[in-house]
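Lifted from Swiss-Prot, the feature list:
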type     : residues : note
SIGNAL   : 1-15     : signal peptide
TOPO_DOM : 16-551   : topological domain 'Extracellular'
CARBOHYD : 40       : N-linked glycosylation site
CARBOHYD : 74       : N-linked glycosylation site
DISULFID : 75-87    : disulfide bond
DISULFID : 109-158  : disulfide bond
CARBOHYD : 160      : N-linked glycosylation site
CARBOHYD : 179      : N-linked glycosylation site
CARBOHYD : 246      : N-linked glycosylation site
CARBOHYD : 317      : N-linked glycosylation site
CARBOHYD : 346      : N-linked glycosylation site
DISULFID : 504-508  : disulfide bond
CARBOHYD : 505      : N-linked glycosylation site
CARBOHYD : 531      : N-linked glycosylation site
CARBOHYD : 544      : N-linked glycosylation site
TRANSMEM : 552-572  : transmembrane segment
TOPO_DOM : 573-583  : topological domain 'Cytoplasmic'
LIPID    : 579      : S-palmitoyl cysteine
LIPID    : 582      : S-palmitoyl cysteine
């Protein structure tokens, strides 16, 4: 007799598990963030460099001016600016200029009292212009000026090109011809004779000597008064009578007298005035200047080319957007000074390699995966891991990694824009002073640099914060992508992991990473948790009563087990029984 029995049995599977993952690294780097402090990451982009001192150089992409007149031999820049005989030449145009003379003086000619006026600033003023030329005609007729007629004085200390007595081309030494008597203050107007909207730099001054020489030359031994006025700027002087040492500061021939030299800047169309008494040095040829040339303290000669000229380090080639070290003024394509080294995160948070599944069990491996990373994600930061009989397979998701890199690139570009804006602010502050000595007060400059440094550091901290925090965003996107690809062939078990109803080796994982995965290709079996199997029994001596006895015994045992389980759950819910499960 044959009997048919329906048996209930549970079928288990050898499913694989697939998780989203992050690469591991054996060489952690540290970056600073706004809220998390220092964080170890898998890679960094250094943003700062510490330069070393080098020669000053020509600025790349622009003309750089060293000496005002390169072809004027044995002449200082002040000689050129005053028009000293034998120092007359063309000043080349330039977008950048080197302030190379620490204490500008003339190399000879008539001795000047440098410390009484701002005459030492005259070469610096001229350097601040891109185009500079000396007028071909005199601005006034000195011989017929008020208080004349005058004889134009010369000096043996100031030889001309024929080695005869001479004087500066920018001034006429007005010595009374016949009327050597004291005079009340006289006024002469200085017209604007430049063209093309140029600034006119007019040089003038006065001569003073001991009492005997003053009477001999001018008929008056008393101190003389002088005033200049242009563009609302008025300057007053009173001459000194006698008391000058024979040795001159300029190293020229001994002289009993001295001259005081000053200048005034006349804007287009504006007239200047000079009020004077005896001993005046009336203006003659004037400087016509236009455009702007950035000026920096440095030294000559200029060797080679550089991206940036820095007062302390010389010529620099820009390799990083920022630099640490000694702060000073700089011109050109320069890095910005910051107080501390800066690094931008170029990867993910540092994670040591996660432990394998077989070492910790499945749930232990999940914990290890979340704490650590996976080696083998070549050229990728985010990807997938598969755990199963084949071991551990790892594949990088290059699209997700590229998105992360694009975000870092965007942060770099934002920092670059911030750098440009700050450079423009610094450059603007310098340009505003182009008519002066072009030196900012050190304390104000340092305060500005310190403020900009703090802004940049904060921007880098916030960028690092955003890059690191975006890991969650990338992993969540990967998890959604993985879930969509796996579809009904896997069960979401949390923590970015899925239990598959099929095997998933390296080939399977590579397909997932490439976005070409198809579950049908990996022999998906029927996976019902309960299977009903029909079993046929031959008549081997078991009667129906025996079979029913076995069945009732099994059913009763199952019922008792269910009742016990329900009772335990009830007691636990009432807090009468505690239950601890250790993994």
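Any Cβ shown, glycine's included, is placed from N, Cα and C.
Within 10 Å of the C-beta atom of residue 40 (N-linked glycosylation site) sit 12 other C-beta atoms, taking all shown protein chains into account. Here the CA atom of residue 75 (disulfide bond) lies 13 Å from the CA atom of residue 158 (disulfide bond). Considering only the recorded positions 40, 109, 179, 504, 505, residue 75 (disulfide bond) has 109 as its nearest partner by CA-CA distance.
Here the glycosylation sites are 74, 179, 346, and the one ringed by the most other CB atoms within 10 angstroms is 346. Mean pLDDT for the topological domain 'Cytoplasmic' (573-583) in this predicted model: 56. When the recorded positions 40, 87, 109, 160 are ranked by how far their Cα is from the Cα of residue 508 (disulfide bond), 40 comes first. Around residue 504 (disulfide bond), the C-beta neighbours below 8 angstroms that are at least 6 residues distant in the chain are 16, 18, 386, 388, 393, 512, 522. Of all Cβ atoms in the protein chains displayed, 15 besides its own lie within 10 Å of the Cβ of residue 160 (N-linked glycosylation site). Sequence-distant contacts (6 or more apart, same chain, Cβ under 8 Å) of residue 505 (N-linked glycosylation site) comprise 386, 388, 390, 393. Cα distances from residue 317 (N-linked glycosylation site) to the recorded positions 74, 109, 160 are smallest for 74. For residue 74 (N-linked glycosylation site), the nearest of the recorded positions 40, 87, 160 in terms of C-alpha separation is 87. Each of the disulfide-bonded residues 75, 87 was ranked by the number of other C-beta atoms within 10 Å, and first place falls to 87. Note on proximity: of the recorded positions 109, 179, 346, the one nearest residue 40 (N-linked glycosylation site) is 346, by Cα distance. For the recorded site, residue 346 (N-linked glycosylation site), the DSSP three-state label reads coil. Reported as a whole number, the C-alpha separation between residue 346 (N-linked glycosylation site) and residue 87 (disulfide bond) equals 58 Å. In the three-state DSSP classification, residue 508 (disulfide bond) falls within a helix.
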